[in-house]
Amino acid sequence: MLFTLSILSTLLFSTSISAIEITQNRVDHGTITTSIGDITIDSGAYWSIIDNSISTFIGNLDIKSNAGLYISSTISNLPLLVLLNSGSASITNDGIVSLDARTSTQGSSQFNLVGGSFENNGEFYLAASGAIPMTMGLTGKSWNNNGLIVAYQNERSSGSVKFGVIGQTITNKGQICLTNQVYQQTSKIDGSGCVTAKKNASIYISNVLDPQSVSTEQNYFLADDKSSIITQAVGFNTQVINVFGFGNGNKIGLTLPLKSGNGGQAYSYDSDSGVLSLSSGLFGQKFNIGPGYDSKLFSIVTDNSEGIPSVNNGAVSYSGPVPSQKSLPSACNVECKPVPNAPDDGSSSSSSVVSSTTSTASTDSASLSSTSGEESSASTTTTESSETSNTSSNASETNGSSTESETTGSATTSEASETINSSESSETSGASETSQSTGTSESSETESSVTESSETDSITATTSDTTSSGNDNSSVTSSSDASTDSITSETASSSSTPLSGDSSQVSSLTTGTSPDTIASFQTDSTSFGFGSGSPSSGAVQSSGVTNSTPNTGDVNTQSNTANIATSDNTATSTASNDTGVNTATATTTGTGTGPDNNNNNNNNNNNNNNNNNNNNNNNNNNTNNSGVSAADSKASGDISTVTASSTTLISVASVSSTYPIANESSSPSSSSSSSSSSSGTPGEVIPNANGSSKLSIGMTFMISGFATMFALFM
């Protein structure tokens, strides 16, 4: 099991996702992964992807009615690559799709969507700056446009846009708008739709070798004087291409120079049929421009527009206005809308539902995550900060007041939501009024995040003790495993404010499935003891902090030797585990002001006026501090229970080297364990609670390292 856990701890979270459904508006900034399978955007929602250099799709794209997919760049040197390369994937748009690289002026963008089928019933925008030539392509063996497609560039370049597959047939029953763009038609085209060229756009029909390559119902509209249409001269094609809007200087041409040949003229116009014929020797093409043109206003010119074959004298221009005898078909009257701006709420947000097929559970040094069935964007247990005020009105008669609450939560992986478990009393303030002094204490916020791959019971126990001299607030948070693969995370927080001269005591226990190391850093007098309580499911419950009667376990005592009127005690204990996810944190911050506490111990003769903590099998008659319950004598049993399930190392490091840190005693009842005869050395390690040996900090790291290696290879 340890070997399996070690292997899992080195793996990254990996999930094979088959689909994602956008149900509410979502905006993503910067680099994201779009290779996530099928994508569906529901009606009323949009997905806006901003400044993501490469957006690669691997599954079906389905944009519902009144929905939108926006991919855009706002950075001049960030080109956009939007790719779909799947022979079986389909693109279905009933809403709005906008691929917008108009601001990308320093790089070549590319839009190339190659799938099994393409169907547009809504609005589809392909936009670029045109500063650098780029290619745009919407490819599918089955290709249908019933809506609006806009191919736009800020300025004309040699780039082009292509629809469909070479040699296959596309069906256009809608409107295709070109602005500063070249549409190169390489496939057959069917349908009664319209292709509109405006603002220096060109239509290049390069497949007229097939006499049926262009439907007689398909329409090409030259919307301004800078637009043009050109066909490839590969033979004299009897097919007639419908052209609207010819006039005002725009052009119709071939890929060869116009010249007389084979008994014919370079160009001719039939006013009855409205057909304009162009020829280059044996090659030629016919265009139905409509009636009403004046033959004197035709002239041979050169179309040297970018992106199309440019030949001298290869086109015809008409200098007069467009005659009104030929009305536009309904498809050409559809408005060529401007490219929409991408929605941007200024921040990243996410509203989606993800379906996954397979998932691999993995952990790092702090968490274990698993996703199954639906997206779990975050599964977090958060300890919220709340303030609880404990007031003792009869401090002279109160031995202690404790409030204990247990909150049980479970973290599951079947729901796609953020799980937040709040444990109150993470920030606790207590006030005790006495005739001599007032002490307040606040415990720091304790935040723990636990994500497990199996069901886990999380138990939070908060214990607050109030004595006549001050408040001791102890908060212990632990997690017990519901399965052998789950990891236990425990947090212990303790806060105590004694009267002046009192020593601050911190009690912390950590249990888990792997060794824990607890490092304690103290700046003033600190002693360690263990409060009583009955562990449940691995949780350790403390009824308070003792300072008079020691437990039979190992006691680390430090006494002040100076007369101090005001004492600020701060103790912080942090437990970490490099190979697991167990975390234990004990934080004690206290400030007390008042007269010296004289702990008169009847059976000892140590009369220290500042801090006389002689806690070795004696009856302590504390005149100021009397908050110790008889149940504290059970601590040794609790220690045995805890240490039987894990190896706990308590490392004590003192900031001030002038004070002794620990007393070592082979017998708990030894009366020589007083502050005056302390032989402890800063930086000692006390294994478990026996006090039988001392190890250096370096040895602690060695043992922790060997334990880690052992866990990895077992």
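Placed from the backbone N, Cα and C atoms, the Cβ positions cover glycine too.
Swiss-Prot marks one residue of Asn547, Asn624 as N-linked glycosylation site, namely Asn624. Around Asn200 (N-linked glycosylation site), taking its Cβ as the centre, 21 other Cβ atoms fall within 10 Å, counting all chains. Sequence-distant contacts of the compositional bias 'Polar residues' (320-330), counting only residues of its own chain at least 6 positions beyond either end whose CB sits under 8 Å from a CB of the stretch, comprise 192, 194, 219, 221, 244-248, 274, 289-294, 297. Secondary structure of the compositional bias 'Polar residues' (320-330) per DSSP (helix as H, G, I; strand as E, B; remaining residues coil): 1 helix, 0 strand, 10 coil.
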